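J.: Annotations per TrEMBL:
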TRANSMEM  12-35  transmembrane segment
TRANSMEM  70-94  transmembrane segment
TRANSMEM  106-127  transmembrane segment
TRANSMEM  133-152  transmembrane segment
TRANSMEM  159-176  transmembrane segment
TRANSMEM  182-201  transmembrane segment
TRANSMEM  365-386  transmembrane segment
TRANSMEM  393-412  transmembrane segment
Amino acid sequence: MDGGSILETIGVEIIGVMSPVSICMFLVVLIVYTLSSPSSSDNQQVIRTAANLIYLESSSDTTTQKLEGALLNAVVFVVLITLVTFLLVILYYYRFTNFLKYYIRFSAFFVLGSMGGSIFLTLIQHFNIPIDSFTFCLLLFNFTILGVISVFSQGVPILLNQMYMVALGIIVAAWFTKLPEWTTWVVLVALALYDLVAVLAPGGPLKMLVELASSRDEELPALVYEARPNVGSRSGSRGPNLGLLLAGFSDGDPIELRVMSSSENVVQNGRGVNDMRSESEEIDAVREVEIEGEMLPLMGSSSNERERPVVNEEIRESNESDRGRVLEREIEEEEERGRGIKLGLGDFVFYSVLVGRAAMYDLMTVYACYLAIISGLGCTLILLAVCRHALPALPISIALGVIFYFLTRLLMEPFVVGTSTNLLMF
């Protein structure tokens, strides 16, 4: 494969990942920007979630109290995530796969029905949309059931599956933006560090899950976005090759950004099974067999007439073994060329939480955080192509996003506002 083809393939895959992430972040920013105002953000009721079990932030608290409370919340949240992930490792190790699938389906149903319904009600009240309770409940029920079917059933159009995966990310991210400001930032940093350790450290829970699934030639039961499908609908064959993984998580469940292989591409790109067979036949034609320290050609002399049946049997077995290795090598090479990327729902959520929190300040920080996250995601994809092994998807993007947020808020925003008010820039 030449350099142009490689660059073209990487570009298509990056666009296939960044487009849904950008849509998810844009819609979360739109929801937050629409529903929040200076007065409502100051008087917003703080919700109690797993991310702020210990400390409820108040505007009257000092900076030290907010920082200490946010650190406690982040530690407790990461500990809970770690315990839940190890529990999932144990359940998956003992093959409670059906239980995990039903749990994830229930989680998707709850997110779409309960959390999504609450957001829809808020939007209806904000825009004064005339709708009665019965119609709203009927529409919400159909929306939820269709979403669960689209995410987990086979034979569903891939576009519908992608739309509901993005919708799940939007709903969860919109809820996380209700966390207090200090808790949000500290939790995001803590989750990025957890993701780094859980994927790369020996004995990390996500690393263990990936290795278990790879050893069994299975896919983890998880919510993932298929970034570049090779077929028009989701087929039933899903697990033979895990490929490369970039791990994240969502709602405590391990999720990964992964490279998805396509068996349909095995006979493409100019080489097929016939080419493999011809290569094996060439190997057969020139192969020589070593017997008792001497190299005998395939057509032996008359003095070895009695040994020829044994030699022929060994030649046949060796050729079959070589043919199998050639076929396996060619299949692996073609699958490597035909892989696409799967992105975990957790990455959608926490990328969108970051830009959603930035939207509560001003749009300049939103632009900066968006560019930082997209740049970090691009760097992660490039590292995936270079390293060819499991990598965490959150750390680079979250680190760049947090840094750009505070640099923009503390340095760039005062500079731009100052130069604009003094008519130096307009």
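Glycine is no exception: its Cβ is also placed from the backbone N, Cα and C atoms.
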J.: In the same chain, which residue numbers or ranges, 6 or more beyond the ends of the transmembrane segment (182-201), come under 8 angstroms Cβ to Cβ?
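T.: Result: 51-52, 55, 57, 66-67, 69-71, 73-75, 77-78, 81-82, 85, 176, 207, 210, 245-249, 350, 353-354, 357, 390-395, 398-399, 401-402.
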J.: Under 8 Å, at least 3 Cβ pairs, sequence separation 6 or more: does that hold for the transmembrane segment (159-176) versus the transmembrane segment (12-35)?
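T.: Contact between the transmembrane segment (12-35) and the transmembrane segment (159-176): present, because at least 3 Cβ pairs are under 8 Å.
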J.: Report, as numbers and ranges, which residues of the same chain sit near the transmembrane segment (133-152): CB under 8 Å and 6 or more residues beyond its ends.
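T.: Contacts with the transmembrane segment (133-152): 101, 104-105, 108-109, 112-113, 116-117, 120-121, 124, 160-161, 163-165, 167-168, 223.
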